Amino acid sequence: MSQQHDDRRPPDTADRDLARQATSLAEKNERLTAALTAARAQLVEMKAQLEEVSKPPGSYAYFAAAHADGTADVYSAGRKLRLGVAPSVPLASLRPGQEVQLNEAMTVVAAGGYEPVGEVVTVKELIGSDRALVVGRADEERVVRLAGRLIGENVRVGDALTIEPRTGFVFERIPRSEVEDLVLEEVPDVAYADIGGLSSQIEAIRDAVELPFLHPDLFREHGLKPPKGLLLYGPPGCGKTLIAKAVATSLAHTAARRDADGEPAELPDGAARSYFLNVKGPELLNKFVGETERHIRLIFARARERASQGIPVVVFFDEMESLFRTRGTGVSSDVETTIVPQLLAEIDGVERLDNVIVIGASNREDMIDPAILRPGRLDVKIKVERPDAEAARDIFSKYLVADLPIHPDDLAEYGNDAATTVAAMIDRAVGRMYSTAPENEFLEVTYASGDKEVLYFKDFNSGAMIQNIVDRAKKHAIKDLLAGGRRGIRVDHVLEACVTEFKENEDLPNTTNPDDWARISGKKGERIVFIRTIVQKKSGETVGSVARAVENVATPGQYL
C-alpha cells in the first residue's frame, strides 16, 4: 500500500501537464487553421485567375429589334441573328444600332454604347423617319438605317454620317467644314433704317419681295406669281450686301406680323423667322468636276428644308459674276457651262422653290449669263447708284450722330446744339466732297471717239467711302485728345478725313485696262481708251499727272 502511494503524483501537477498539452495542441490547431485558410484563399484566387484566363472569348453585336417573347434581333459579324436576352438586360430600353455584349452561349448579357468610328457617307435623301439614301465611296448609293440617337434628330440632306458597312447603321453626324464654310446661315440684324441714301431702291425691293409674302391671297386672286429672285448691281461699296441682309431682316418681321394676324406658323422652339444663306461665291469653285454643282444642290436643298416650315429664306450670291458668267467666255476653263445650268434648274426646275428668294449682287452684271437674268429667274433688277449729295447727307447721318463727343468750340459756334452742329459738319463735308473746284478733279478720260471728260471725286463716291471718312475723323479726334487737346470731333477733322481719303484713291485707277476698271467703277457707256490721273496737293495745286493708254501698255499673259 505504501508503495502504490509513492508512485502517485500530486493532482495539481498532473492538471498542469494536461493544461500545457492542451494549450500546445490549441496553438498548433490555430496555426494549422491559419495555414488552411491561407491555402484556401490561394486556391480561390488561383481558381479565379484560371477561370479568367480560360474564359471563352465574348463577342459584340448591334441591336436591331426586340420581340415579345424576350428575344432580340442583332447583327453579329455581318449576320442577322435572333438571340436570347439575359434577365439583367433592360430589353425595352435598347435602341437600334446600340452595341450589346454576347456570352459564349450567344446570349445578350450586357448593353453598351454606339460605335464611335466608321466610314463617312453623305445623305442624299431621307426615307421615312428611320432610313436614308446615302452616297459613299465611288458614288455608291445604298439605303441605311438611322441608329437610335439619330432618330428624331434634324438629319438633313447633305449631312455627313458615320456608317458601319456590314450592318447598314449610321451612327453620328460629322461636321463638314467644306460645306458649312460655304454657307453662312444666320438671321441678320440689319434694318432698312440702317441704310442711307437708297430709299428708291429699298421701296422697289419691298414691293418685289415683301408684298407677295405678306399678301399671298391677293397675288393668287390676281394670278400673279411672286418673283423668284432679284439682282442688285452697281459700283462697289454702295450697299448691295447691306440691302440683301436688310431684306432677310424685313422678311422676318413680315412673317411675325403675318402670324400675329391669325396665321400662326408652327416652328420648332428657338427657330428663327427668317434665314440668310450667304454663299461665298469664289470659294464654291472646286477643281474636281461636279463638286461645285453638288454644293449648289446642297445649298438649295437646305433652303427648301427651311422654307418648308413656312420660314422665308434668302439665298444671297455675292460677286455673282465669279460663278455664273456667260457660258463660252472662259479663258482657261469652261466650268460655267455646267454651273449655270445647275443654278437655272434649281431656280425654275421641276422642284418648286416656295418661300425662297434668290438675291445676286454684282458690279459686272454684263458678265453674268443672260439666261439667269431673264424674267422668271432674277425677275427684278435694281441698280444701286453712287450716292448724290442728298444721299450722301443721309449716309453721313447714319455714322455721324449727335451722341458722339463734339468739340466744345464747334458746339459754341452753333449755340451748343449737338444736332445742329452735326448737321453743319455734314453739310461742310458734303460740300467739300461734291465740289467741282479744281482741287476735286480726279481723272481725265478719253473716249474712243476722241472726246475728253474730267471726272471728279464725287463721281466715285460710295457709302463705304463715307463711312471710312467718318471713321478717319473719329481717329483724328482721338489723336488730338491724346496729344493734349480737348475732347470731341471738329469740322476740321471731317474735312481733313475727306482730303486724306481722296489722296489715297489717286493712284487706284492706274490699271492696264481702263475700260474694264471703268465698268467695275460704274462708269458705263463709250469705251475708254486713255486715262490721265490728276494728282493734287492738299492746297489744290496740280503737281503732275500720270497718263496711261490702252494701246501703249504691254498686257501680261492670261496666267499672270
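Keep in mind that glycine also has a Cβ here, set from the backbone N, Cα and C atoms.
Under 8 Å, Cβ to Cβ, and six or more positions away along its own chain, Gly239 (ATP binding site) finds Ile195, Gly197, Leu198, Val384, Gly463. According to Swiss-Prot, the ATP binding site annotation covers Gly237, Cys238, Gly239, Lys240, Thr241, Leu242.
Here Swiss-Prot flags 16-55 as coiled coil. Among residues of the same chain six or more beyond the coiled coil (16-55), none has a C-beta under 8 A of the stretch's C-beta atoms.
Feature annotation from Swiss-Prot assigns compositional bias 'Basic and acidic residues' to 1-19.
Taken from Swiss-Prot, the feature region 'Disordered' applies to 1-21.
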Q) Around the ATP site (Gly237, Cys238, Gly239, Lys240, Thr241, Leu242), what further same-chain residues have their C-beta within 8 angstroms of the site's C-beta centre? A) Leu232, Gly234, Pro236, Ile243, Ala361, Val384, Ser462, Gly463, Ala464
Q) What average pLDDT is reported by the model for the coiled coil (16-55)? A) 85
Q | C-beta crowding around Leu242 (ATP binding site), within 10 angstroms | A | 21
Q | Three-state secondary structure, Thr241 (ATP binding site) (per DSSP) | A | helix
